[in-house]
Structures are given as structure tokens and as C-alpha cells.
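One structure below.
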Amino acid sequence: MDSAIQSAKRIIIKVGSSLVTNDGKGLDTAAIQKWAEQIVQLRALGKEVVLVSSGAIAEGMQRLGFDKRPTGVHELQACAAVGQMGLAQIYETSFRQHQVQTAQILLTHADLADRERYLNARSTLFTLLQLGVVPIINENDTVVTDEIKFGDNDTLGALVANLIEADALIILTDQRGLFSADPRKDPHATFIHEAQAGDVELEAMAGGAGSSLGRGGMLTKILAAKRAALSGAHTVIAWGREEQVLTRLAAGEAIGTQLTAQTAQLTARKQWMADHLHTAGRIVLDQGAVLKLTAEGKSLLPIGVIEVSGSFGRGDVITCVDQSGRAIARGITNYTSSEARRIMRKPSTDILSILGFVEEPELIHRDNLVLL
């Protein structure tokens, strides 16, 4: 297979906690130094690298004397706050040995959901890369709650790939890559060297406790690859303990599973809409409206809406679902939730008589709508 990493100019590398900590108890300085060495070698090949690294909570636990991971939200946030200092210090020291500057960037979903903050983060990252800096990104665990978390750094890595239009996403994990079934349980499981990002069969294999691949965190990686593919980024899932894995990938060696992006690249504006993990509201569409959106590329009219939930204002991003609850699209609404409830199931010609004004004949214009 063609190596997505060898030809990539801009790469996001996600390193999981198990690869930068001592069995979850504090940071592994030697391991981090090796990652820094490999990234420096990638930069020498002319590649721009952004690192998404876990490990802050594990380091904070050690510094604060926790024997096991706390269950309280505030204790976890305290561990993250303390541990992030150590994580930044070790990365800075490791890269400065090679005369490379690093930058710490902590993101939340709110940063990427707000259009202005999204563009600011994008501009900052581009500027850092132009200055030859290696940005090191993590979720800002000190301020987020479960309801607004990215959920995992696989997802964060994909969102950053989209944010700066990276060519490739490398997800380093404690497994070799993807198998057709859980190799720990099925001796006939075969290794998947290459597949298409967004392959529904692959998602089905990895989904849920009863799936053939088991849980094992692989579904989040498959979904991250699907998300990264929206901006044209290819994904490689590889074993992080593989010797010199990054430099060998950059040299064109086939390691791990490569999930290839084959979908049309979204515009930057539509990419921003697609990357909303949490939207302001949800509307349910009838079958006719679903077909108009998915098969004909039409705008969404009020007559095709059968239910409105949530509280949203004009200009908010909302999710469109079919009657089974499956997400079909996201888009920027022309009407508030209360207005949408009044005009749903009505023809656009009735909007003026119902509301006393007409913003637009469409609830969501097709230029402000992205299919999922």
C-alpha cells in the first residue's frame, strides 16, 4: 500500500497515556525523550508535526500522592492541573536538547465550537508551525466536565487534524492495529493492513461490547479516522512500542493499519460545523426531507421538520436526525427553537403569517449545512 505518512507534509501524532507513563504512575521521561527524538527526525525531513499527548492526570496523581485514580471530578481536575506542569516541563526539556521549541495548547470543545475561537486557535497553530515550533496539545481537563469533554484524545487528534488541514493522523496505541476480530479471543482473527476511513463494516465490527473486535478502544480510533478523513487526512493506527515507529512510517514502511481518506474534502466552514460534538439543539426530519438533503443536496424547509428539541438561537449549529434518531446533518439555523416549533410542518409561504416576519424561506440553507 502507498504510505500516507511518507508523503504527508503536516502530521498530527497522538500518543496515549500508556506510552508516556510508567504503567499510569507518573511520566516515563525516557519514553518521552525517544518520542522527541523521532519527531525531530521527522522535522528534518521537512514535515510539520503537532503532538497530542495524554499523561497529565497520571503525572498529577503521582505528584499529589494518589495511589489510585480518584473518582471525584475536582480531584481529577486538580491532578490534571498539577500534572500538566510536569508534562510540559518534560517535553520542553526533551525537545530543547535538539534546539527545538515547544508550545503548550490546552483546548476545550467550547474553543472549537465557537467560530471566532476556532479561527484563533487555527491561526495560532499555523503561526507556531511557521516559526518551527512543535505544538503539544491536550484537553483542558481542569475546566471541562463529562458533558462537554472531547471524550478521548483520539477524537481530539482528529479535530486538530481538521482544524489545521493536516495530511495525516498517527494514532499510537498499545495494540498493533485493527483485526477482523479480537485476537485474544479468536485464533482466526486476521490483521487489517488497510481499509477506507468511514467503512461502515469496520465500524460495525468495532461497535459495542458484543462486537467481533470487542471494546478495547478501537471504535474511538475508527471514528477518529472517519472524522479526520472529512478534511482529507489519512490515519495510521500503530503499536507505539514498535522500534522507531515514527521514522519508519515516514520512510514509507507499512506499519499498523492505514485508514485512507476517500471522501471529498469539506470546505473550512462546513468542516467547522461537522466538528461540533455538542450542538445547541436537534430537529427530527420526515423521510421526504431526509431524501431532499441526502440525495438531492437541497436546503431544509420547515415543512420537513416534525420535531424540535433543545433551546437554540439564530445562527446556532443544530443537528438534523431522521425518525430513527440517526444523525443526518448539522447546520446553522435561520430561526430560533421557539420559532422553529411554530413553523415546523408548515410551507415556507406561511412563515410571514405565523411569525410576522421572514428571515429566510429555509430553516437551514444548503450552504450552511453539512451531511454526516
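Note: Cβ is positioned from N, Cα and C throughout, glycine not excepted.
In the three-state DSSP scheme, Asp174 (ATP binding site) falls into the coil class. The number of other Cβ atoms within 10 Å of the Cβ belonging to Asp174 (ATP binding site), over all protein chains shown, comes to 13. Per Swiss-Prot, the feature ATP binding site maps to Lys14, Thr173, Asp174; the stated evidence is sequence analysis.
Residues or ranges marked as substrate binding site by Swiss-Prot: Ser54, Asp141, Asn153. Take the CB of Asp141 (substrate binding site) and look out to 10 A: across all protein chains shown you find 22 other CB atoms.
For the domain 'PUA' (280-358), the model's pLDDT averages out at 94. Residues or ranges marked as domain 'PUA' by Swiss-Prot: 280-358.
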**Fill in**
Keeping only the binding-site residues of Ser54, Asp141, Asn153 whose C-alpha lies within 10 A of that of Lys14 (ATP binding site) yields Ser54, Asn153
**Message:** Can you name every residue in this chain, apart from Lys14, Thr173, Asp174, with its Cβ inside 8 Å of the center of the Cβ atoms of the recorded ATP site?
**Reply:** Val15, Gly16, Ser18, Leu19, Ile171, Leu172, Gln175, Gly217, Lys221, Ile237, Trp239, Gly240
**Request:** Output, ordered by sequence, the same-chain residues six or more apart from Asn153 (substrate binding site) with a CB under 8 Å from its CB, or 'none'.
**Result:** Lys14, Gly16, Val52, Ser53, Ser54, Asn138, Glu139
**Message:** I'm trying to understand the geometry here, so how far is the Cα atom of Thr173 (ATP binding site) from the Cα atom of Asp141 (substrate binding site), in Å to the nearest whole number?
**Reply:** 21
**Request:** Compute the mean position of the Cβ atoms of Ser54, Asp141, Asn153, which form the recorded substrate site, and then list in sequence order the other residues of that chain whose Cβ is within 8 Å of it.
**Result:** Ser17, Ser53, Gly55, Ala56, Ile57, Asn138, Glu139, Asp152, Leu156
**Request:** Could you round the CA separation between Asp174 (ATP binding site) and Asp141 (substrate binding site) to a whole angstrom and send it over?
**Result:** 23
